[in-house]
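Heads up: the structure comes next, in C-alpha cells.
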Amino acid sequence: MNKGLFEKRCKYSIRKFSLGVASVMIGAAFFGTSPVLADSVQSGSTANLPADLATALATAKENDGRDFEAPKVGEDQGSPEVTDGPKTEEELLALEKEKPAEEKPKEDKPAAAKPETPKTVTPEWQTVANKEQQGTVTIREEKGVRYNQLSSTAQNDNAGKPALFEKKGLTVDANGNATVDLTFKDDSEKGKSRFGVFLKFKDTKNNVFVGYDKDGWFWEYKSPTTSTWYRGSRVAAPETGSTNRLSITLKSDGQLNASNNDVNLFDTVTLPAAVNDHLKNEKKILLKAGSYDDERTVVSVKTDNQEGVKTEDTPAEKETGPEVDDSKVTYDTIQSKVLKAVIDQAFPRVKEYSLNGHTLPGQVQQFNQVFINNHRITPEVTYKKINETTAEYLMKLRDDAHLINAEMTVRLQVVDNQLHFDVTKIVNHNQVTPGQKIDDESKLLSSISFLGNALVSVSSNQTGAKFDGATMSNNTHVSGDDHIDVTNPMKDLAKGYMYGFVSTDKLAAGVWSNSQNSYGGGSNDWTRLTAYKETVGNANYVGIHSSEWQWEKAYKGIVFPEYTKELPSAKVVITEDANADKNVDWQDGAIAYRSIMNNPQGWEKVKDITAYRIAMNFGSQAQNPFLMTLDGIKKINLHTDGLGQGVLLKGYGSEGHDSGHLNYADIGKRIGGVEDFKTLIEKAKKYGAHLGIHVNASETYPESKYFNEKILRKNPDGSYSYGWNWLDQGINIDAAYDLAHGRLARWEDLKKKLGDGLDFIYVDVWGNGQSGDNGAWATHVLAKEINKQGWRFAIEWGHGGEYDSTFHHWAADLTYGGYTNKGINSAITRFIRNHQKDAWVGDYRSYGGAANYPLLGGYSMKDFEGWQGRSDYNGYVTNLFAHDVMTKYFQHFTVSKWENGTPVTMTDNGSTYKWTPEMRVELVDADNNKVVVTRKSNDVNSPQYRERTVTLNGRVIQDGSAYLTPWNWDANGKKLSTDKEKMYYFNTQAGATTWTLPSDWAKSKVYLYKLTDQGKTEEQELTVKDGKITLDLLANQPYVLYRSKQTNPEMSWSEGMHIYDQGFNSGTLKHWTISGDASKAEIVKSQGANDMLRIQGNKEKVSLTQKLTGLKPNTKYAVYVGVDNRSNAKASITVNTGEKEVTTYTNKSLALNYVKAYAHNTRRDNATVDDTSYFQNMYAFFTTGADVSNVTLTLSREAGDQATYFDEIRTFENNSSMYGDKHDTGKGTFKQDFENVAQGIFPFVVGGVEGVEDNRTHLSEKHNPYTQRGWNGKKVDDVIEGNWSLKTNGLVSRRNLVYQTIPQNFRFEAGKTYRVTFEYEAGSDNTYAFVVGKGEFQSGRRGTQASNLEMHELPNTWTDSKKAKKATFLVTGAETGDTWVGIYSTGNASNTRGDSGGNANFRGYNDFMMDNLQIEEITLTGKMLTENALKNYLPTVAMTNYTKESMDALKEAVFNLSQADDDISVEEARAEIAKIEALKNALVQKKTALVADDFASLTAPAQAQEGLANAFDGNVSSLWHTSWNGGDVGKPATMVLKEPTEITGLRYVPRGSGSNGNLRDVKLVVTDESGKEHTFTATDWPNNNKPKDIDFGKTIKAKKIVLTGTKTYGDGGDKYQSAAELIFTRPQVAETPLDLSGYEAALVKAQKLTDKDNQEEVASVQASMKYATDNHLLTERMVEYFADYLNQLKDSATKPDAPTVEKPEFKLRSLASEQGKTPDYKQEIARPETPEQILPATGESQSDTALILASVSLALSALFVVKTKKD
C-alpha cells in the first residue's frame, strides 16, 4: 500500500496481518466517535475496533469540498454552567480567550513556510477596514489545495483589536439564520492559536463567537445586558497542521450548534432572548485571529476557487500485492437459475459470482476471521451444504481471555440474482438475560464484524470497473456521492458508506446490510457499508464489506431488552442493464438494490401525503383544539380537491408543545383530551389525512411524571445537563438509561390510550446528542419501538434516522438550518429512495447547489395553524401547488435514469464553488408509464436553469412555470375511477398555455374548476380541438380539470363541537337564525385569509342564534368565541339553556393578541384589519338542565358603525366554580384557583412582554418534589396550592406587561371598589409588579405606557418565608369601565445569588407564580385603605440602610396610620397615605463608602471604557483596567475628593474571573485636609478573587488618595492593574439602641394604678408599644411620648378637679381595638433584607408633580406627626 496514505487528512492507518501464506491489507473503521456518542462505547468508535484493523477512513477525493478527516475523540460536553449578567471585556476574556498583546512582540513567526502566491488569483478573504483590527491575508498552495492564509500581527490583541476578516457574500441570511462552513488548517505554533468565527457581529462587545484557544473550543456571546462563555469540558483545539471542517449554525430563534470534523463542539446553546433581540439586525460574519505577547494566530482557510491548482497525482507506477494462493482452499458452488456463487467451505466467503456468463469477484484473498467485541477470533467452522442454493456454516467462537464463548450459524443463499449472507442463530454460552443485570459486560456479544470479507468486488482488470457510493451530506453545496474509477494505479480507499455499488461494463452489484454502524458523525454516520481497496497480484480490487453489527448491549450492567437485538444480515444483488439504456453502471445496481433493501415502515404513504403542515398548541392556550384541526383538514380537502394530507400535532399533550415531555400518554385536556383526539383520528381517515405527533426522547420537564433523578443526564462535574428553557427549564436525559429502563412502555401506554389510527411519531431533537448516543444503532432501536406500535417514524434533522425515517422536518421546512443542514444531498440516495422519503434538498435558491431548482423538487413545508406564527392560509395553498404537487407526483414513480450536466459555478452564502446539476431524470411506475424531467438549460445564469419540462409517455405535462398534470389517485393512493380522474393546473405566471390531452381525454368537452376553500368553483366548459385545450387563467391560482361535470362533497363542519361551523369555514350563515338587519352580518377574511363573522354598520341590534347539539343534561360547560370589537357598541355571547340565560359582553376591545400560534394574533400577516388584531376569547359558563333539546347560543352586536369580528366558537365540559363558588357566569366573588381553567390563563390574557411569541406563561402542574422548593436548589414552588398554578418563566427586566385581565373576563364596574388578593411566588425582588390600568396598554412597536399604571412591586418570597406570600390590593373601577389588573415585568434585574445558566433558570430566580386569585367587590372604607397601605409600607420600615432621620419620619407616619380610627373617612385615609408616600420617596440612603460622585477627579491609566470610575459604580462586573498593551504597573491611580471626607480603610475587590491586573503589592497614600500624608503598604496579596483589606486603624479626613500597584498578577506578571471595586469605607456610628428605661419606669408606675379607665389606658399603650416594636416602627420620640403619657395618668383619688391632659402626639387605639382585631401584619407581610427589594427604580420616568409632592409633603407630615410638647 502507498505510504502516502498516512499523510492524508484521513490519517487512515493500515496494518498487515498474515492469513496463512497470504497477506491481506484491510481497512475497517474510522478514527473517532460520532458527535452523538456519549458515555458508552458505540458502534464504529475506535474503542470498538480490533487492534489489528484500521482506525480511520481514507478520502476518496482529497479536494471535493468535504473533509473526511476522522474526528478526534472528545469528552462528553454536557451542558455546563454559564454565568449571565453584565460583563466587562476582561471578565469575558478569561481562560486566555481575549488577552492583550505586547506593544513590541519579539517576532512574527507563523509555523508555515512563506507561501507562493499565484499571480492570477485574488484572496477571497479580506481584512476589515478598521486599521486596528487588520491582519494579513496571503494565498498559498499546499498538496494540491489553495488556501487564504490569515494571520494576526503585532498590532492586534485578543480582545478589542483582534485581526478580523470578511468574505463577500458571507452574511446572516434574510431569515436571520447564520451558517458557516469552512475548511481550514491551523498553521500557528502549537498552543498559540486563537481562532474563531464571529456571528451577528456588531463590534467586539456585541456578538456571538465560536472558536478556540489553547484550552479548546468554546462559545461566547456578548451584549450590553447579558454576556457569558462556555465553561464546560472542551473539545481540544486543532493540532498544528491539521485539517479541519468547521460547521456552525445559529438559527434565528437563538439555537447555536457547531461541529468540527463532524464532532459536536458543545450541546445546543440557546441564546437568551435579550441577546438574540439585541443582535437580531446584525448581519456580519467575520473570522477572528488573535494575538497575545509574541503569539500569533495563523490559519489557512481553503478557498472556493481551486482552479489551476496542481493536484496530487495518482501513483505513477502500477501497484502489486500478494498473489492469490488457493492451494489449500476447498471451494463449492451455490446457484439459482441465473446466479452462481463460488464459496469457500472453510468460511462464509464468496470467491466469485457468475451471471449470464459475466463475472464479478467477491473476496478473492482467503479470509477466515470474525471480530467479536473487537477481538479477532479464528473460529472452528463446520460446513454444511443444505441444497443447491444454500450453504451453512456453524462457527464456534472462543476467546477465554476475553470471556467469549459462543456459537454462530451463518447461511449463504442464492435467491434469483441475489446472494444472502445471514447470521441465523447466535448462542452465547455466558448467562445473559435481557433486562437483567450482568456481572461483567465482557460476557456480552456486543459487536460482530466480518470486516475483511468483501461481499462483492470489482477488479481494475475488468473493463469499466467503478465504485460508486453515497455518504450523508446535508450541505447543499456538497454532494455526498463518490464516483471512483477502479484502476491500477489508483488512490487508496477505505471509507464508510450508506450505499455502495461496484460495476463493470457488463454487471453491476449493490450491497445492503442491516448493520447500524456509525464511524462518526456527519458523513461518517449511517455507514452500514465499508468500501476498501486491496491490491492482489497486479490488480486493484475495491470490495464492499458490511460494517460492524451490534448485538447484545447494556447500560451500566443492565442488558438491553430482547427487541434491541437484530440478527446480522447482508445481501448482494447483481444485475445487467436494468434501465435498458445500453450501459451498465451504478444506476442499474441501484434499481436492482430496491429488491434487497429495507423499506422504512409506512413508505407507501409518502407519495400521497401532499399537504403536510403543523398544527400548533402551546402554553395552555389550546390555539388549535383537536376538533378544530379536523375542520382545517376538511378545508384543505376542498381546496385541493382531495389531496392527501399530513398533519403534525405539535403540542398534542400536556399544556402544549415542549411541556410534559416523556409522558407520551398525557393527551392535552385543554385541547380536547383523549376523546376528541380519537374522534379526530377516526374522522380524518375519510379525507386521507395522516396524523402524527411531536414527541421528545432527549429531555424532560419537571411537570412530567417520568421526570426523576435516575433518568437525568449529568455533566462530568456532577451537575445536571440542562436542555431547552422556555415554559420550564428542561433537563436532558440519559437515553441509554431510558432504553434499559422501559422506554418502550411509554409508547405502549400511548397506544393503549389512542388505539389504532395514528400514523406517525415525529421525534424532536434526537440526533444532536444531547441525550447521549443518538447514532445509527440507537436511532434504529428507537424507530423499532415506534414501528412496533404501527406508527411511521419521522425525525427533526435532515441527517437523522436515515434507515427508518420517512419525514425529516429540517429537510422539508426550507427556512430551517441554513445551507449546511438541509435534506440529504446525494443523487445515489435520492435515486434509490425518492419515492419513500421526504428527506431531500428542496428548492430554496438562496442556499445554492442542490437547492437551486432540484429537478425532482423536494417538499416545501408551510403552515397555517400557528407553527412559527405562520397562519397565512392563502400562502400555504399557493406554496403547496407551486412546489409540492409536482414533487409528490414524481414520488408515484421510481427513478430509473439520472443524467448530470456539466459543472457550473455558483456563488452564494459567502462561497463560490462548482456544482454539477442533474439535467435529465427518468422515472417509471409499475405500469411502465414513463416520466422524463428535463432541465431547460445548463447555464446557471439563464432563467431556464430554473425551469423544467416534464413529459408523461412523451406528452408534456409541465413546461416551465405551468403544469397540467394528471392525478389518478385518491387521498389514500387508491386509483380513481375513470370519471374521477383529473388534472391539476397551476401556473406561477399569467398567460395562455396550450396542452395536448391524452387520447382517452380527447373528447369534445372537458370541465375546468377554480379551486378555493369552498372546493371546486366557477365551472368552465372547455372545447377540445385537435386533442388540445388552451388555458388562459390567473397566476398562482390552482385549477382542476375533469372529463365530466363534478360536484363538491358535502362537509359536516365542526363535528363533535356542539355547533355547526365554529370557524365560519362553510362560507355561509344559513345555519344561523339572524335577527335584525341580516345584511350587516357577513363572512369576511382576515389579513391572514382566516374566515370571520363581521357585523358592521348596523342601525339596530343584530343577533345570530344557533342550537347547541350533543350536550349532556345537568352538565357544566364553557363556551367561548374569539372577538375583536373595533366599535364601542356592545358585542355579546349568550347561552340560553331553556332554564337560564348567561351573557358576557365587551365594548371596544383593548388588548392586542400576542399569542403566536393563534391564527388571530397581531402580526401583520395574521391581523384582523389595519395590521392589528384585538382578538381575545369571550366566555360564557353555563349548566344544562334536564332538557338539552333547545339550548341556544347567540352572538350579537348592538347598533354601531364600526366593525365587530367573531371567530372560533368552542363549547366543552368544564368544572370550574369561579363566580361566587358557582359555575355559571354571574355575580359574586370571583375566585380562580387555576385547577379547572378551560383554556388559556383566564381571567388573564397574554401581554406584550415578548411581542407576538410562543409565550412563556402557562399553567404549571405539580409533580412533587421536582416542581417544588428544595429539589436541585429550587427556591420557589412552581405550584403554590393544589395541582395547578399560573407560572411565568424568566421574563424579567422587560419593562412590559406580562398578562392582564380584560373587561369581558372580569369587569371592574365604574365607581365600584374591589379587593384583589392572590398568593404568589417570586424568585427575586421587585422583578414583577402588580399593576392596575385602564384602556389599552400600548407596548412593542406602539410604545410603552407604564407611567399610566398604578404599580406595586412585589418582593421575593423565599428569603424570609417558607411558603408563598399573599398580596392584597384595592382597585376602584374607572368611569370609562375599562379598568384591568395584571402582572408587569419591571426594569429590575433578577438576583441569581451566584447561580447561573440552567441552575439560575431552574431554581426560579427569574420566575413568577400566581395562585388563588380572588376579586371581591367591597364597600370602600377608610379603614380598608389604611389596612391595605400598611401591608405595603411595613416591609419598607424594616429596612436598615436609610438614614435615621428620614426613616424615623416615615416610621412615625406609618404608626399614626396604624392607629387611625376605624371610622376614618376615605378622603382622610387617602390624604394620610399620600403623605406617607411622599416620606417614603424622600428616604435617604446611608453612606458607607465613597462613591464616584464624591470625587472631583479620578485619574489613572486605563483601557478605553474601563476607567477608574468603574471601581466606584457598585458593580463588580465592571472593571478598572489599565491598557491591554501593558506597561502601567507602578503608575498611580489618583483620586481627589470634592470635600474632605472621613474614611477608615480600603477594601480592594479583585476581578471576578481571570487574573490579569490583580494587585499583589500596593502602596496607598492618603492626604488629609491639612496636607499630611498617611502611607500604607500591602505585600503578597494572594491571587484570587476574594476582597483584600487595608485597615487604617484610625479615621482620616481625606482630601486626596493615591493608589499604586507595584506588583501584579496575570499573564507575564507586572503588566496591568485592575480592580472590580475600590471601597473606601466611611466611619459608621452604630445606632444607639432605643433607651426604654424611662418608658419601663413609667409603665411600672402606671401598672400600679387601680382605676379601670387607667388600666385600660395602660393596656392600650402597651399594645401600641408592642405593635410599634414588632413592626419596626418605634422611634426615640415615640418612646418618650409613651413614657410621658403613662406618667400623667393618675387614679381618680389623686386627680385634680380640672386635670390638664396633653392631647396625644401619637394616636393610640383603644384596648378593645387591639384585642383580636389588629391584623397580624407579621404573618402577612414579608420583610425583605435590603431596600432594593422594596424601592428599586422601576425604569420609568417620574413626573414633575411627584417630585414636588415629595418636597411639599415633608412639611405637611410635620403637622400630623410632630407636635411641640408643653412644659
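The backbone N, Cα and C atoms fix where each Cβ goes, glycine too.
Per Swiss-Prot, Ca(2+) 1 binding site is recorded for ASP577, ASN579, ASP581, ASN583, ASP588. Around ASN579 (Ca(2+) 1 binding site), the same-chain residues six or more apart in sequence whose CB sits under 8 Å from its CB are GLN587, ASP588, ILE591, SER896, LYS897, GLU922, listed in sequence order.
According to Swiss-Prot, the Ca(2+) 2 binding site annotation covers ASP1233, GLU1235, GLU1281, TRP1284, ASP1411, on the basis of similarity to another entry. Taken residue by residue with DSSP, GLU1281 (Ca(2+) 2 binding site) is part of neither helix nor strand, so it is coil.
The compositional bias 'Basic and acidic residues' annotation in Swiss-Prot covers 61-75 (among others).
Marked as compositional bias 'Basic and acidic residues' by Swiss-Prot: 84-111 (among others).
Marked as compositional bias 'Low complexity' by Swiss-Prot: 112-124.
Summarising the annotation, Swiss-Prot assigns compositional bias 'Basic and acidic residues' to 304-324 (among others).
According to Swiss-Prot, the compositional bias 'Basic and acidic residues' annotation covers 1717-1730 (among others).
The region 'Disordered' annotation in Swiss-Prot covers 61-124 (among others).
DSSP labels the residues of the region 'Disordered' (301-324) in these numbers: 0 helix, 2 strand, 22 coil. For 301-324 (among others), the entry in Swiss-Prot reads region 'Disordered'.
For 1711-1730 (among others), the entry in Swiss-Prot reads region 'Disordered'.
Summarising the annotation, Swiss-Prot assigns motif 'LPXTG sorting signal' to 1735-1739 and lists sequence analysis as the type of evidence.
When averaged over the motif 'LPXTG sorting signal' (1735-1739), pLDDT in the model lands at 33. The Ca(2+) 2 site is set by ASP1233, GLU1235, GLU1281, TRP1284, ASP1411; from the centre of their CB atoms, other residues of the chain with a CB within 8 Å are PHE1234, VAL1279, ILE1280, GLY1282, ASN1283, SER1285, ASN1412.
Highest local Cβ density among the binding-site residues ASP577, ASP581, ASP588, ASP1233, GLU1235 belongs to ASP588, counted as other Cβ atoms within 10 Å over all protein chains shown. Counted within 10 Å of its Cβ, the other Cβ atoms near ASN583 (Ca(2+) 1 binding site) come to 13, all protein chains included. In terms of local Cβ density within 10 Å, ASP1411 ranks first among the binding-site residues GLU1281, ASP1411. The two recorded residues, TRP1284 (Ca(2+) 2 binding site) and ASP577 (Ca(2+) 1 binding site), show a Cα separation of 67 Å. Nearest to ASN583 (Ca(2+) 1 binding site) in space, judged by Cα atoms and limited to the binding-site residues ASP1233, GLU1235, GLU1281, is GLU1235. Residues ASP577, ASN579, ASP581, ASN583, ASP588 make up the record's Ca(2+) 1 site, and a Cβ search at 8 Å around their centroid adds ALA578, ALA580, LYS582, VAL584, ASP585, GLN587, LYS897 from the same chain. Considering only the binding-site residues ASP1233, GLU1235, GLU1281, ASP1411, ASP581 (Ca(2+) 1 binding site) has GLU1235 as its nearest partner by CA-CA distance.
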